[in-house]
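In Swiss-Prot this protein carries:
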type	residues	note
SIGNAL	1-26	signal peptide
DOMAIN	27-139	domain 'Thioredoxin 1'
ACT_SITE	Cys62	active site, nucleophile
DISULFID	Cys62-Cys65	disulfide bond
SITE	Gly63	site 'Contributes to redox potential value'
SITE	His64	site 'Contributes to redox potential value'
ACT_SITE	Cys65	active site, nucleophile
DOMAIN	161-275	domain 'Thioredoxin 2'
CARBOHYD	Asn173	N-linked glycosylation site
ACT_SITE	Cys197	active site, nucleophile
DISULFID	Cys197-Cys200	disulfide bond
SITE	Gly198	site 'Contributes to redox potential value'
SITE	His199	site 'Contributes to redox potential value'
ACT_SITE	Cys200	active site, nucleophile
MOTIF	444-447	motif 'Prevents secretion from ER'
Amino acid sequence: MERKMYKSTVFPICCLLFALFDRGNALYGSSSPVLQLTPSNFKSKVLNSNGVVLVEFFAPWCGHCQSLTPTWEKVASTLKGIATVAAIDADAHKSVSQDYGVRGFPTIKVFVPGKPPIDYQGARDAKSISQFAIKQIKALLKDRLDGKTSGTKNGGGSSEKKKSEPSASVELNSSNFDELVTESKELWIVEFFAPWCGHCKKLAPEWKKAANNLKGKVKLGHVNCDAEQSIKSRFKVQGFPTILVFGSDKSSPVPYEGARSASAIESFALEQLESNAGPAEVTELTGPDVMEDKCGSAAICFVSFLPDILDSKAEGRNKYLEMLLSVADKFKKDPYGFVWVAAGKQPDLEKRVGVGGYGYPAMVALNAKKGAYAPLKSGFEVKHLKDFVKEAAKGGKGNLPIDGTMEIVKTEAWDGKDGEVVDADEFSLEDLMGNDDEASTESKDDL
């Protein structure tokens, strides 16, 4: 009897679990009036739309998102034929949510042709949302009647570029925090926020602006403390937003207590970068691993080609390296790499950037990502080198294309000593020039 009762309860429980699971993974079914978006149709349905589009960025596990579902479907039915009401699973399609700086759920954005997306911050009832949409539609109609927009694309032209610009702030979680932050040698500034926090929402555009302006110089990241309770507890975060600075001592981050504006955050970050920066480095290019480490992530890599050790001796080479260290120290706050290589040690690199023969010392500014370089055209002196770095930072001017892929070979590092001159006794002129007598005899025999 007990076995029969047990069997009879298995099916309904399984069905219930399946229903709950299915509901959690798809808030909007195929019969829903809400348009379901994915990365593959986002551009055609939203960005290329000629009308107003309301987009909900949701996560299936989010309780507030589940509560909003019937309201959002009512909005879709109300605005049918007037505006498009859509939704995208931002948890499954993180690339799209990151592009638009979505950090909490649900987030509602209104896309109007010719303008950047608008964050909806009003009440989450059907009437309020619909009224907000109608307001945007009226404004769009007025602009079109006044000839201010062509209405060909949703956010076209320069505004589309601005709208789609992703945030440089890195989304951090329990799976990547240690690898990216605590185990890194780089300076990190991290915002700990909660999606429901009003101050966090106010900070969001300033944080994005600061992150984008500091890209390539200082790493900025953010942690959703509602989703990452373990990280929140680990760093004793008690209020939102909390901004911590992870400098040289990653185990003891320092709180940021300055103004919550992009300019203030940027100024503070650059000050921290200077105080946390280690000594300048100019590394010998002894193989592809050095190239990747020093130049792979650098905005610009400055490669110096120094004379053969037999020509400059150790004293001369050290003077060149002192000059390069002086230049590297001047720009150590910038995302540049500085490497050097002895004449003839990297023949393929020399060939591709037009260095070689008797043109040592030489320097080129290398942008491997763009496949371009610019050569130093003035004298190899500290002042000229510093001016060259400044000019290269402006980009474009004097750049030349690099044909093909550079082959960097593995070489032995310089031992810091003078080069050894090969004794004349170790070879004969006959070995180099051939034996004239033998050549003469062979000629006579041929005759």
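Any Cβ shown, glycine's included, is placed from N, Cα and C.
Recorded features from Swiss-Prot, shown on the structure.
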residue: Cys62; record: active site, nucleophile; Cβ within 10 Å: 20
residue: Gly63; record: site 'Contributes to redox potential value'; Cβ within 10 Å: 9
residue: His64; record: site 'Contributes to redox potential value'; Cβ within 10 Å: 14
residue: Cys65; record: disulfide bond; Cβ within 10 Å: 22
residue: Asn173; record: N-linked glycosylation site; Cβ within 10 Å: 14
residue: Cys197; record: active site, nucleophile; Cβ within 10 Å: 16
residue: Gly198; record: site 'Contributes to redox potential value'; Cβ within 10 Å: 10
residue: His199; record: site 'Contributes to redox potential value'; Cβ within 10 Å: 13
residue: Cys200; record: disulfide bond; Cβ within 10 Å: 23
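Break the domain 'Thioredoxin 1' (27-139) down by DSSP state and the numbers are 42 helix, 22 strand, 49 coil. Candidate recorded positions: Asn173, Cys197, Gly198, His199. Nearest to Gly63 (site 'Contributes to redox potential value') by Cα distance: Cys197. Broken down by DSSP into helix, strand and coil, the domain 'Thioredoxin 2' (161-275) contains 46 helix, 22 strand, 47 coil. Per-residue confidence over the domain 'Thioredoxin 2' (161-275) averages out at a pLDDT of 89.
For the pair formed by Cys200 (disulfide bond) and His64 (site 'Contributes to redox potential value'), distance between Cα atoms is given as 18 Å, rounded to the nearest Å.
Cys62 (active site, nucleophile) sits 16 Å from Cys197 (active site, nucleophile), taking the C-alpha atoms as the reference points.
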